[in-house]
Amino acid sequence: MEFLARKVKSNGEIDTRHMNGSSQVEKNKRSDSAMSPPPPAQHDKSGATLGVLKQSLVGSEWKCTRGMERDRIGMWGTGEGEALSKLSGLDRLRHPGLNKGMAFTIEERQTLGIHGLLPARVKTQDEQVQMCKLSIDRYEDPLNKYIYLMGLLDRNEHLFFRLVAENVAEMMPIVYTPTVGLACQKFGLVYRRPRGLFITIHDKGHVYDVLKNWPETDVRAIVVTDGERILGLGDLGACGMGIPIGKLALYTALAGIKPHQCLPITLDVGTNTQTMLDDPLYIGLRQRRVRGMEYDEFIDEFMDAVVRRFGQNCLIQFEDFANANAFRLLAKYRGKYCTFNDDIQGTAAVAVAGLVASLRITKKKLSENTIVFQGAGEAALGIAELCVMAMKTEGTSDEDARRRIFMVDSKGLIVKNRPEGGLNEHKEKFAQARPPVKTLAEVVDIAKPSVLIGAAAIGGAFTAAILRKMAEFNERPVIFALSNPTSKAECTAIEAYSNTDERAVFASGSPFPEYRTKSGAVLKPGQGNNSYIFPGLALGIISAGIIDITEDFMLLAAEALSEIVTDEDLAQGSLYPPLTEIQNCSVKIAKKLVEHAYKCNKASVQPQPADTEAFIRAQMYDDRYTNALPQVYAWPESSPRVDML
């Protein structure tokens, strides 16, 4: 295949040259690098020179394929960010990705021209981390801790990510759930500086132009929300931006995805929450939420604009969209874009990982369990579908697997031809052939489940009576209270243990303190947080250049996470590894996904690395400071000289 490369001469004529495409492909294959270097930056589309070219093609055999233009084509290099030759010393102090604060050495300060702008003391990064820990401990209010951490992220990225990575158990509840929910509710109060893009419905027709305003061009991962279903808090509109920011902070802290390659985006189409519209501090559009065709066209334009700007390989993670939109957008875009929905698929993977780990305690197959769900939204349905997939790998038929799953929504048990209705195509797949049942307690009596999962954000839904019933039916009842934030949890760890004679196998979505049994043993309830899954999932997708993210990748991620759980973890009552191990979890999950991608020919990064884990780790962000001065090296004395006349 041949293609025609064209350039415009200074006199305006078009110069053409033919190049054999197949030979170029062979050259690429012979490259020693697994990822090709970044292409040159594209010139402004509005430039006069390009205009001459396009006008000259009108009426000729060439057609202007405007819709096929891309800022990026193919895979990029490792992505190290700024060209240092463009930066002054002052730029380094102002750039959060390059600033080291008082860790700049005296030599660096003098050479960069910033000597005197900092106090005389030179601190190590270790000392700075300790100082940050002391500073954050001074605050009692979690929201103030969040504001402090976001301020640190705005000033010094390396320090922020090292602080979070080395103190995951303490920092993750602040950066993400549950504190991020409060931060979203108060986002108009905590907003300080631009971090991410707000694209509104009024920008429809110009979404690509807004994306071009983002200063980084090497974007590999986007987390996007429209703010309609933030955690269990509802429609927060533009204030939902706290979720993409928090998710992408964990992308870097927990999986080493470079921060400049991450872009949080909020699609502001309005909000239907009147308190937000009436709030003088609300930062978004003061209008009712846009629906229907206009909304769909806006989302379509956004997806196309992302590919045009950042390439087909750019990961787009959908976050906190309402149920009605989440499922249909996932079905619409999967297989066409590099995308997944964390609320549906990420929650499913982390929950199934916990269920698979629990089988080592209950000594059952997954297909031998009966599962009751409180809730039939995107999280619950995502978990249920992945459970069916996992049961089928054990040899169970699809019909038998679905018969073992009972789902309860706001109208009661999902049954065929339910008089109250409220069934969509996703719920109907789990409709039982039974008479209608109204309450969760009645469903538990009828189904006698071995597993009870809550994902409906109804605080206290697992009553003491229901928990005692679970203990009657099972030697080791499995109780998952997955709703966030903590106030929306179906039950607490104490309630689960105390009402089941301390026999419950418990996991939650929010963190709960340790529980001391009557015998003096300490149980550490596992937190089934999506953070165990989505960072490693994204790392694997980006490392291998996976574009088509199918459900088998989600099941593999769940299996990889369950395999990391040790017998010691299970003995302490935890179905998940300690949070201190979460970075290693991300690498192990990514490794399993990358290897599978090459087996099924879904990896676009070529050639396949000989050592998968070493290759993945080589792509990861290093939160340690590097030398701010360029490397200096000697040239040989035999270099060419000019004799003096």
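Heads up, the Cβ atoms here are built off N, Cα and C, so glycines get one too.
Automatic, uncurated: that is what TrEMBL annotation is.
For reference, TrEMBL has these:
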type: REGION; residues: 1-47; note: region 'Disordered'
type: DOMAIN; residues: 153-334; note: domain 'Malic enzyme N-terminal'
type: ACT_SITE; residues: Tyr176; note: active site, proton donor
type: BINDING; residues: Arg229, Asn484, Asn529; note: (S)-malate binding site
type: ACT_SITE; residues: Lys247; note: active site, proton acceptor
type: BINDING; residues: Glu319, Asp320, Asp343; note: divalent metal cation binding site
type: DOMAIN; residues: 344-598; note: domain 'Malic enzyme NAD-binding'
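The subset of binding-site residues (Arg229, Glu319, Asp320, Asp343) lying with their Cα within 10 Å of the Cα of Tyr176 (active site, proton donor) is empty, i.e. none. Confidence for the domain 'Malic enzyme N-terminal' (153-334), expressed as mean pLDDT, is 95.
Rounded to a whole number, the C-alpha distance linking Asn484 ((S)-malate binding site) with Asp343 (divalent metal cation binding site) is 12 angstrom. Taking Cα separation as the measure, Asn529 ((S)-malate binding site) is nearest to Asp343 of the binding-site residues Glu319, Asp320, Asp343. Proximity note: of the listed binding-site residues (Arg229, Asp320, Asp343), none has a CA within 10 Å of the CA of the residue listed as 'active site, proton acceptor'.
A 10 Å cutoff on Cβ-Cβ distances gives Lys247 (active site, proton acceptor) a total of 27 other Cβ atoms nearby, all chains included.
Sequence-distant neighbours of Asp343 (divalent metal cation binding site) (same chain, 6+ apart, CB under 8 A from its CB) are Arg229, Phe318, Glu319, Asp320, Phe321, Ala326, Glu378, Ala379, Gly382. For Asn484 ((S)-malate binding site), the Cβ neighbour count at a 10 Å cut-off comes to 24, with all displayed protein chains included. Residues Arg229, Asn484, Asn529 are recorded as binding (S)-malate; their most distant pair of Cα atoms lies 17 Å apart.
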